[in-house]
Amino acid sequence: MRVRNRKGAGEMLAENAHIVVENPADFKGRWSERFGNDHPIHIEVGCGKGAFITGMAALHPEINYIAIDMQLSVLSYALDKAIEADLPNVQMMLVDGAALSEYFADGEIDQVYLNFSDPWPKGRHEKRRLTYKSFLATYEKILRPEGEIHFKTDNRGLFEYSLVSLANYGMELKKVWLDLHQDEEFAPQNVMTEYEQKFSQKGQVIYRLEAKFLPKK
C-alpha cells in the first residue's frame with residue numbers, strides 16, 4: 001500500500017511504544033513476555049492501514065496479533081485503529097517482511113496472513129513477491145510445525161503464481177476460494193482489509209487460500 005507521507009507519523013509511533021515495538025529483535029523467542037501471556041501468535045505481513053489486524057484482534061481476544069509493515073505512514077494509520085479499539089492483543093513492527101527470522105525464533109509463530117500484497121507483475125521482480133520460495137522458507141522457519149499461511153488477493157495472476165509456488169514448495173493447499181465473497185458460509189468470519197472493502201464494492205473477484213507446511217521427509 002502506497003500512501004503519502006504523514007506529518008508526525010514518526011513521533012506518533014515513538015509515543016506509543018507500548019504498541020509499536022522499537023527494537024523487535026530484543027523479543028526474539030520472548031514474544032509471550034511482550035504480550036504477557038502464552039496465547040498463539042498470528043502475524044500479518046504488510047498490514048496496510050490496519051482494518052484486518054484490528055478486526056481479527058477484536059474478534060479473537062484469545063490470539064495475539066502482530067501487524068508488520070515497512071512504510072512509516074501506513075503503519076501510523078494502523079496504529080490509529082489499534083489505539084481507538086484499545087486492543088491489548090495487538091503489537092506492531094516497522095520492519096521489512098524479508099527479515100522476519102531476525103525478530104522471531106524458530107516455531108514461535110502460529111499463523112501468517114498475506115493480504116493484497118504487491119503483485120510485482122514483472123518477471124524480474126519475482127523474488128519480491130511475498131509467496132516466492134525464499135519468503136516461504138522464512139515463514140516455515142518461524143512458524144510452528146504445520147503452521148499455516150492465509151492469503152487473499154484481487155490479482156488473479158499473483159493468485160495463480162502463489163498456488164504453484166506453494167505447491168512446488170511442498171505445502172498442502174487446505175482450501176482455495178476463486179470467488180471468496182460468493183461463499184455465504186465463510187462470509188461471517190471474513191474480516192476485510194481496506195482494499196478488499198473497496199474492491200468488493202466494485203464487484204471485483206477476491207481470491208483466497210489457506211495452506212500449511214508439511215513435515216520434511
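Just so you know, the numbers here start at 1 and follow the chain as drawn.
Glycine is treated like the rest: Cβ placed from N, Cα and C.
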Site co-member for S-adenosyl-L-methionine according to Swiss-Prot, given Asp69, Asp96, Asp118, out of Glu44, Glu140, Glu146, Glu148: Glu44
Candidate sharing the substrate site with Lys122, Thr193, Glu194, Tyr195, Glu196 (per Swiss-Prot), from Asp106, Asp154, Asp179: Asp154
Chain residues in Cβ proximity to the region 'Interaction with RNA' (124-129) (below 8 Å; excluding those fewer than six residues from its ends, i.e. six or more beyond): 117-118, 135, 158, 161-162, 165
Integer Cα-Cα distance in angstrom, Asp69 (S-adenosyl-L-methionine binding site) to Glu194 (substrate binding site): 15
Set of same-chain residues at least 6 away whose C-beta sits under 8 angstroms from Asp118 (active site): Gly46, Arg128, Arg129, Leu130
